[in-house]
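So the structure is just underneath, and the comments pick up after that.
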Amino acid sequence: MGVLDHVSEYFDCSHGSSKRHKSLQTVDVRVLIDCEGCERKVRRALEGMRGIRDVTIEPNAQKVTVVGYVEPNKVVARIIHRTGKRAELYPFVPYDVVAHPYASGVYDNRAPTGYVRNTEYDPHVSRLARASSTEVRYTTAFSDENASACVVM
């Protein structure tokens, strides 16, 4: 990165058209990878895409990690278009991140070991994974830690 690139960030010479810079991000995509040929096909489809810096493929976890200045939906569309394989954004996160990893909407048998379904993208599932306000009220009503709790017991 030269001096001209550094100085051009401070001055806008575009004459009305604004160019939005994409940020460097990591995109995880779930793709069914059966063999080394499938792995090579996915890698070649992504390496030709503009803005991609690194492609890492984990065939056992059915996971492709892309690092670069790209949009996640464009990466998924490129994999689907070029390879003909079904692809989606990686729906699993490590179980340490989720508050209730064994709730009915979060736990998934098809998830790799140590991962559960991401509740951030599906609001219906996330509602099941959290305790409701009435549920919290009932559990704290008889708590020893609550000073204004009921002393029936």
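One-based numbering along the chain as shown.
Cβ coordinates are placed from backbone N, Cα and C, and glycine is handled just like the others.
Taken from Swiss-Prot, the feature metal cation binding site covers Cys35, Cys38, and the record attributes it to sequence analysis. If you look up Swiss-Prot, you'll see 24-88 marked as domain 'HMA', on the strength of sequence analysis. Annotation source Swiss-Prot lists S-farnesyl cysteine at Cys150. Annotation comment: Swiss-Prot describes Cys150 as cysteine methyl ester.
Local packing around the Cβ, expressed as the count of other Cβ atoms within 10 angstroms, is greatest for Cys38 among the binding-site residues Cys35, Cys38. Residues belonging to the domain 'HMA' (24-88) score a mean pLDDT of 92 in the model.
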